[in-house]
Amino acid sequence: MLVAVPFRFSYTAVGDPRRLEIRAQPVYLDAQHVQNPVRRCPHHQDAAAALMSNVQSQHVRHVLQTQHARFRYEENGDRCSVVVPLEPLQPATDHYEVLYEFTCMNTCVGGMNRRRILALFTLEECETGQVLGRQTIEVKVCKCPHRDLKADEKRLGLGRIGDKPDRKRRLTSSPPASREQRLVVEVDDEEMLQAVTEVRDSMRRYRRRVNPQHGQAPPPRQ
């Protein structure tokens, strides 16, 4: 929350980009809430109003704000949006970047109340307001993004490469291999042979402590 997040916009064949603008507004994702406007919670709204000037306080209700030098905040009833101009691409670039920030969290009581939200972006003509393009992205505003990301992945049954196993999980030992089973490991030199031998001997000592039967010599073959 209150961290500037860069959003990149790519476009082609729009003619003069200065006649266009980008409108951004938060909307609810779930169908049962999509008709409701996304409101800022009273706690963050009052705290922000106390620090703002009279001019700044005009957009204190806005959940989605921008750090763009040229911006315009609009309100349609309780629905709030912020508009920035679409500017020409800089040389050797293929995207246009705008910094946005969210002023409330998904868990805020009296605001989003743990409801999922989308950031809705529309490309509009400045004079007519005609919508030429539309894009959405799901957003989750929280205090600990890394923790919440891992919790969401766990809930969805997703795993990330490099994640460490849960240390609280009880370890179970594999059943001892048959004494008749023999495996062959290829080594490159004497140093590797010595290392593999030490690991083998260490594993044998461990198994003898866990199961004394591993210390018994195998019966002679007939």
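Glycine too: its Cβ is placed from the backbone N, Cα and C atoms.
Taken straight from TrEMBL:
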BINDING   C41, H44, C104, C108  Zn(2+) binding site
COMPBIAS  155-166  compositional bias 'Basic and acidic residues'
DOMAIN    4-155  domain 'p53 DNA-binding'
REGION    155-185  region 'Disordered'
REGION    202-222  region 'Disordered'
Output field, Zn(2+) shell: CB within 8 Å of site CB centroid, site C41, H44, C104, C108 dropped:
R40, P42, H43, Q45, V63, T103, M105, G110, G111, M112
What mean pLDDT score does the domain 'p53 DNA-binding' (4-155) have in the model?
90
Please identify which of C41, C104, C108 has the densest Cβ environment, defined as other Cβ atoms within 10 Å, among these binding-site residues.
C104
Let me know how many other Cβ atoms fall within 10 Å of the Cβ of H44 (Zn(2+) binding site).
19
